[in-house]
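Listed features, source Swiss-Prot:
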MOD_RES   MET1  N-acetylmethionine
MOD_RES   SER241  phosphoserine
BINDING   ARG302, GLN303, GLU304, VAL318, HIS319, GLN320, PHE321, GLU391, LEU392, VAL393, SER394  ATP binding site
MOD_RES   LYS323  N6-acetyllysine
SITE      THR429  site 'Important for serine binding'
MOTIF     482-494  motif 'Nuclear localization signal'
Amino acid sequence: MVLDLDLFRVDKGGDPALIRETQEKRFKDPGLVDQLVKADSEWRRCRFRADNLNKLKNLCSKTIGEKMKKKEPVGDDESVPENVLSFDDLTADALANLKVSQIKKVRLLIDEAILKCDAERIKLEAERFENLREIGNLLHPSVPISNDEDVDNKVERIWGDCTVRKKYSHVDLVVMVDGFEGEKGAVVAGSRGYFLKGVLVFLEQALIQYALRTLGSRGYIPIYTPFFMRKEVMQEVAQLSQFDEELYKVIGKGSEKSDDNSYDEKYLIATSEQPIAALHRDEWLRPEDLPIKYAGLSTCFRQEVGSHGRDTRGIFRVHQFEKIEQFVYSSPHDNKSWEMFEEMITTAEEFYQSLGIPYHIVNIVSGSLNHAASKKLDLEAWFPGSGAFRELVSCSNCTDYQARRLRIRYGQTKKMMDKVEFVHMLNATMCATTRTICAILENYQTEKGITVPEKLKEFMPPGLQELIPFVKPAPIEQEPSKKQKKQHEGSKKKAAARDATLENRLQNMEVTDA
């Protein structure tokens, strides 16, 4: 995931100042741009020198061949004139005045210089890439410039009644319909582990079927992705911070052979976007085949580092969940990817409108965008039981930022003298099932249970097509008694502590009096 290096090269029509401005608008270090430009300039000089040295080496070989053909004496003198050692002034005429033995010595010295130059070039290339991969994509002009998404995310539009309030939050409702085992899930799987069961399993499957059917009717190809990816491929689709904060690493045998003791490092996917992005890695995509639209279905795995204390109960923010994703490869020409961007967010909106979930669309501030996104719109649903908007959908246009690292090119082959173009890649959530379930539970709650949304009824089993009944009391209504019990126990402990302190004081007084 990187920008085009030519954007940093003034002589290639690039504008480093524009990229510095983008970094500043993203509230990231603009100094990375200067470091990259410096490393790239040195790299280009080094490559130019290496090219010249290789030409000189070839010239040496050619001159030796000509002298041998003329049967000139080889000679045994390996001393080389000072003016030849600089290589910069080395010409065919200068070589012609040397013996074969001297030219061989020059060629050997050139080989050493090439090795030294190559080592320096590799070092500079690594330095350049380290900076390049931490510089974000160019921003779309409509992105709000701010580093505070809580205040400055721009609301683009609202659908439905986002003021209504209801009694219970999803944390209580998943228990009331007996569709969730949280404590046992945590014992088995650790923090945020859970079992989804009973009616909520059917509701999740209904959402998956409805989402896939909706996308299928719009020309999307359903695709069920691998759950893990090789490290070298994941490095091409994920930014560096994700390896520390989001991705789970899996270590396994390198092959199925029993005598193979090698180990392979892989990463569990955080979204089907990652494997689908790599699906056409190293390919040329024909213009007439675009756009290619995929409806990705996968289980997703996320560490959620940095979210400690947030949404610790229920199923809204968990380490493992199912998700249907929109992913599109688009033409880089004629604003096609931005037209597709609007189409994808519209598809998501119409899906949630059909489910009767109120929401607003927010334009995410520059400081909260990941490196790849040129622009991101979120669909945040209204949760009437929680009294808050919660994110259900993220829609991003990454332009050619991802495709460049994955080498997914636009066109059939590289034409002579033409610059290679890369496809644009876009992604948008269609349905993260656990979050959508939470939104449905809060919006469709009644006194007796959860009314099943009209569009999901045909996918639910008999007896659950109209109403999902409450079968357990709300945990929040049991909590006061628990709190009172804890308060009572706390009062007893405090009283015991006071008594112990008083007794100690009395004993001290007795000792003093004595």
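From the backbone N, Cα and C atoms, a Cβ is placed for every residue, glycine too.
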Where does SER394 (ATP binding site) sit in DSSP terms: helix, strand, or coil? strand
Under 8 Å Cβ-Cβ from THR429 (site 'Important for serine binding'), six or more apart in the same chain: what's there? LYS323, ILE324, GLU325, GLN326, ALA348, LEU379, LEU392, VAL393, SER394, CYS395
List nothing but the one residue from SER241, GLU304, HIS319, SER394 whose Cβ has the fewest other Cβ atoms within 10 Å; the candidates are the recorded positions. SER241
When DSSP is mapped onto helix/strand/coil, what comes out for GLU304 (ATP binding site)? coil
In three-state DSSP terms, the structure that HIS319 (ATP binding site) belongs to: coil
What count of other C-beta atoms do you get within 10 angstroms of the C-beta of LEU392 (ATP binding site), across all chains shown? 23
SER241 (phosphoserine) and HIS319 (ATP binding site), Cα-Cα, nearest whole angstrom: 17
What residue among the recorded positions ARG302, LYS323 has the most other CB atoms lying within 10 A of its CB? LYS323
If you measure every Cα to Cα pair among ARG302, GLN303, GLU304, VAL318, HIS319, GLN320, PHE321, GLU391, LEU392, VAL393, SER394, the residues listed for ATP, what is the largest value in Å? 19
Measuring Cα to Cα, how many Å separate GLU304 (ATP binding site) from the residue listed as 'phosphoserine'? 12
Across the motif 'Nuclear localization signal' (482-494), what is the average pLDDT of the model, as a whole number? 59
Write down the Cα-Cα distance for SER241 (phosphoserine) and PHE321 (ATP binding site), rounded and given in Å. 21
What is the interatomic distance between the Cα atoms of ARG302 (ATP binding site) and SER241 (phosphoserine), given in whole Å? 13
State the three-class DSSP label for THR429 (site 'Important for serine binding'), counting H, G and I as helix, E and B as strand, and everything else as coil. strand
